[in-house]
Amino acid sequence: MSAATATAAPVPPPVGISNLPNQRYKIVNEEGGTFTVMLCGESGLGKTTFINTLFQTVLKRADGQQHRQEPIRKTVEIDITRALLEEKHFELRVNVIDTPGFGDNVNNNKAWQPLVDFIDDQHDSYMRQEQQPYRTKKFDLRVHAVLYFIRPTGHGLKPIDIETMKRLSTRANLIPVIAKADTLTAQELQQFKSRIRQVIEAQEIRIFTPPLDADSKEDAKSGSNPDSAAVEHARQLIEAMPFAIVGSEKKFDNGQGTQVVARKYPWGLVEIENDSHCDFRKLRALLLRTYLLDLISTTQEMHYETYRRLRLEGHENTGEGNEDFTLPAIAPARKLSHNPRYKEEENALKKYFTDQVKAEEQRFRQWEQNIVNERIRLNGDLEEIQGKVKKLEEQVKSLQVKKSHLK
């Protein structure tokens, strides 16, 4: 056979394997997606404004002035907001987990416990649903991302921030965020970021970072990888952490005839989607546009599987000093009674009940003593009256004797 004949052989038609991504796209587009994000941080850091700006719609209403004047909550609450968003015929079920009351008290000891319990409960609930015979419709509220809002003090992280992030980072994808970054100058912001990164590294707090291996880094530098732009984008996101954000839901004219979402000050505008002003666009890319599936898959393959493995192996809580992962030995249904904050309230209620019982017992003893004293007084009065009656009877007898003598 000649070389010309060999090269002229017909190329077989494709079998259709390359069409698999299109099939997958169709399935995902029909099923839609679910994304659950937890907002953690002190009150007044713009969490509600940020989430509304992120999805460009009003998912949560801001607390009114009347609500802000209510007494400070003694415990951390869990507030769940659900919404169905649609963009280009694709539906995304969004669950926003807010944590009002976190960090608002003078004593914030164990303030992170309700957050940790909630994340563990969702893992446990999903695991129990997987063990059921019929699993066609599973309710999934597992947290895919935790946005931890840091107050822009310019100094560093507070102990409650460090402890809470350490606890959350072993259970969910933790993303630290510097709130209200426009209150710091550019130099102060960079120094603040550097301090936070140093503390995160020293405390071995695991934060979510875009996947970036060593080979990808080299390819990005040389430009040999066709995905080098994506790798470079991931590197920029990593360098920008913790993200400095500014929140606003109002639009203003930027002086060029364009309406932009911004915060207006006497000296000018702080544009939300301007990379030179804040990191909002980078955080949005991490959460939605570029790495949403990575957040979901990491939750499933790492955090949930870790919880499931430890639960099935019967591991118990290894103590406060374990920095890897601590799994409560008790069932989630009984966690409430073992929560340290509820323990404090339980002890306070027991003390109050004991004090009330003692007060009532003291009151009854005093009442009994008063009755005894009254009985003694009445007996004395009765004896006195009986004595008077006896004397009167003797006098009557004496008079009767005298009367008989006179007759």
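Each Cβ is built from the backbone N, Cα and C atoms, and glycine gets one as well.
As given in Swiss-Prot:
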| type | residues | note |
| --- | --- | --- |
| MOD_RES | S2 | N-acetylserine |
| DOMAIN | 31-314 | domain 'Septin-type G' |
| REGION | 41-48 | region 'G1 motif' |
| BINDING | 41-48, T75, G101, 180-188, G247, R263 | GTP binding site |
| REGION | 98-101 | region 'G3 motif' |
| REGION | 179-182 | region 'G4 motif' |
| COILED | 344-406 | coiled coil |
For the binding-site residues D182, E188, which Cβ has the most other Cβ atoms within 10 Å, all shown protein chains included?
-> D182
Over all shown protein chains, what is the count of other CB atoms within 10 A of the CB belonging to K47 (GTP binding site)?
-> 24
Reading the DSSP string in three states, the entry for G44 (GTP binding site) is coil
Out of the binding-site residues G41, G44, G101, T185, the residue with the smallest number of other Cβ atoms within 10 Å is T185
Taking the coiled coil (344-406) alone, what is its mean pLDDT?
-> 86
